[in-house]
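Asks: Take a look at what TrEMBL says about it:
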TRANSMEM  37-55  transmembrane segment
TRANSMEM  67-84  transmembrane segment
DOMAIN    137-266  domain 'Palmitoyltransferase DHHC'
TRANSMEM  183-208  transmembrane segment
TRANSMEM  228-257  transmembrane segment
REGION    310-378  region 'Disordered'
Amino acid sequence: MSVMVARKKVVRKWEKLPGRNTFCCDGRIMMARQKGIFYLTLFLILGTCALFFAFECRYLAVQLSPAIPVFAAVLFLFAMATLLRTSFSDPGVIPRALPDEAAFIEMEIEATNGTVPQGQRPPPRIKNFQINNQIVKLKYCYTCKIFRPPRASHCSICDNCVERFDHHCPWVGNCVGKRNYRYFYLFILSLSLLTIYIFTFNIVYVALSESGCGVLGWDCSQAVPLTLLTVLEVLICFFTLWSVVGLTGFHTFLVALNQTTNEDIKGSWTGKNRVQNPYSHGNIVKNCCEVLCGPLPPSVLDRRGILQQEESTAPDESCPRGPSAPEPAGGQGEESLTAAFSLQVPAPPLSSAEMPEEKQQTSGELPVPPQDAGQAEH
């Protein structure tokens, strides 16, 4: 006997979030959809460090100091931890307005601007907000249907408004915003130190190997393939060094001014207006402490929150009988089933003259119409 069983499927909020993001581990990991360059970043870091630990570190630890591989391992682990923290976290995405909220905002805008005649361009949707005695404009996002908070911007790649938006970094596979900027800065800083460290000791290794194979205790034939791999590491570090160190210096300048890359590119606090940055404390130490050591706000997305429960019905072939309902005996069970079925089958209509005969029938039998009535109907 098959029974339809209703099963509830839990739908979490990350499954219905708009925007171009990918989620893993039940919404715990959030990244952009374009992750190809992020995999290239992992390959370059892991490949270069693997070659350095496999070949140069073994010799340098014995001939120079055992602390060389230890410091290299610390820098490598710190760089990887900050990279993954930057790539897998919510950068500060602002939720989009619900339909009721969007309709209310539209009514407010229409009430403020009034009706615009056809053919005329509507006025810009801007709200003025005062920060440190200075007027800051809050712009309206037509995609998210909200007035963006100060320093927020809409990322065209992830299709989300991000709080304190800095830039979208394809090397980490995510946007860089308020909730992961400090980890991004620590990542490029540690990667710069790691690149300089490996590059320096590769040069030392090449210089020692070229000075004479007898010092190394190896045969020259064995040192040649190792030196070729070292040259490969030197080339990778050389071309990486300029970009990473330059990027670290640029972001150090921005942190000291409490400014974002987006604001620097747009010239928000420079140029013709000569508007002073209202977010700067006028002190490098205070700006660095606010950006790198300030309180980290929680995510407002609530990615793992339960959105709704979808009910799905599925047939269940097994219908176990409860312990409180014992199985009846063979004869009594058949009689009870027959009696229950007889209550559900309607009897054919009978005339008033045949009613006394029907009353004489037992309750366990089905009423059978007489033969004469059947012939009359035919």
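Glycine too: its Cβ is placed from the backbone N, Cα and C atoms.
Keep in mind it's a predicted model, so treat the numbers as computed, not measured.
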Asks: Who are the long-range neighbours of the transmembrane segment (183-208) in its own chain, taking Cβ under 8 Å and residues 6 or more past its ends?
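Replies: Non-local partners: 45, 48-49, 52, 56, 59-60, 63-64, 68, 71-72, 75-76, 78-79, 82-83, 85-86, 89, 166, 169, 172, 176, 215-216, 227, 230-231, 233-234, 237-238, 240-241, 244-245, 247-248, 251-252, 255, 291-292.
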Asks: Mean pLDDT for the domain 'Palmitoyltransferase DHHC' (137-266), as a whole number?
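Replies: The answer is 86, the mean pLDDT of the model over that range.
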Asks: Per DSSP, what is the residue count of the domain 'Palmitoyltransferase DHHC' (137-266) in each of helix, strand and coil?
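Replies: Reading the DSSP string over the domain 'Palmitoyltransferase DHHC' (137-266) gives 79 helix, 19 strand, 32 coil.
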